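Participant: Reproduced below are the annotations present in TrEMBL:
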type     : residues : note
DOMAIN   : 39-312   : domain 'NADP-dependent oxidoreductase'
ACT_SITE : 71       : active site, proton donor
SITE     : 100      : site 'Lowers pKa of active site Tyr'
BINDING  : 133      : substrate binding site
């Protein structure tokens, strides 16, 4: 009886998982490949928590996972992926895995070195989407955050056009199926497009109602580049947050719109991005929130609600990395 019940429960869970996964729509990239419009972010997810979070997310129907070498938790993400593939819950082709080139690997030869380490960390033979994490580089070799005796970050003078050559190399090698960038402004994208031989498929940027990125999104669309929104919930747990800083999910106007739609504020913010055609990767390690966050494909925001939410834009960048603003390739000095 117990064995039969276990089998039945497994089949029911598998059916639920597949049904939820099927509700997540796909976005077509400029190379013809597709990416789920919704996924799980893993920035700030502690190594001791992220393995279970990824397993919970797969059980809830997530198939898209956003990782990065710089998050220092890829081996734990890989552990979860391996376990869920070994138990038959998912196959590798069911999953879309994004990772990112870290700032200490911007010279051309270092790109392949970094993605190969990520592949080892994740236990995979290829990455679906590989992104240049930042347009600016750090001193190569040594720590993830190399510093001088005064604690100042040490920079690299490698231009991101050289980095992009390395990205094109790993695409040709089949180590990544698609390549793109993160945190690049319009002018930086223009240089990559004009000087490179491959147009990025993606620009992953901070995006939420206080920073809607409307102009950058319009520009990227004109070039066939998709946008992924990171910190779509306002990243309330960002390491440099201070008491008294704004908390987007506590905004009374957003709370009111969420209540009107009988949804949580998090669901509202995710739906806002998805309805704009923006890929969205909210982070959580809490099972109930992971399960709740994917429940955004059963409702639609009215045109009025969408316009109201978009009107909250105030260039409210929360992931500003102001301590890097003396780097010549710092991306946030321009309007967009």
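Glycine too: its Cβ is placed from the backbone N, Cα and C atoms.
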Participant: List the Cα distance (Å, whole number) between residue 100 (site 'Lowers pKa of active site Tyr') and residue 71 (active site, proton donor).
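Facilitator: With distance taken Cα to Cα, residue 71 (active site, proton donor) is 9 Å from residue 100 (site 'Lowers pKa of active site Tyr').
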Participant: Please report the number of other Cβ atoms within 10 Å of the Cβ of residue 100 (site 'Lowers pKa of active site Tyr').
Facilitator: 26
Participant: Taking every residue in the domain 'NADP-dependent oxidoreductase' (39-312), what is their average pLDDT?
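Facilitator: Taking every residue in the domain 'NADP-dependent oxidoreductase' (39-312) and averaging pLDDT yields 96.
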Participant: Between residue 71 (active site, proton donor) and residue 133 (substrate binding site), how far is it from one CA atom to the other, in Å?
Facilitator: 11
Participant: Test of understanding: give the count of other CB atoms lying within 10 angstroms of the CB of residue 133 (substrate binding site).
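Facilitator: Summing over all protein chains shown, residue 133 (substrate binding site) has 23 other Cβ atoms within 10 Å.
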Participant: At a 10 Å cut-off from the C-beta of the residue listed as 'active site, proton donor', count the other C-beta atoms across all protein chains.
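Facilitator: Other Cβ atoms within 10 Å of the residue listed as 'active site, proton donor': 23.
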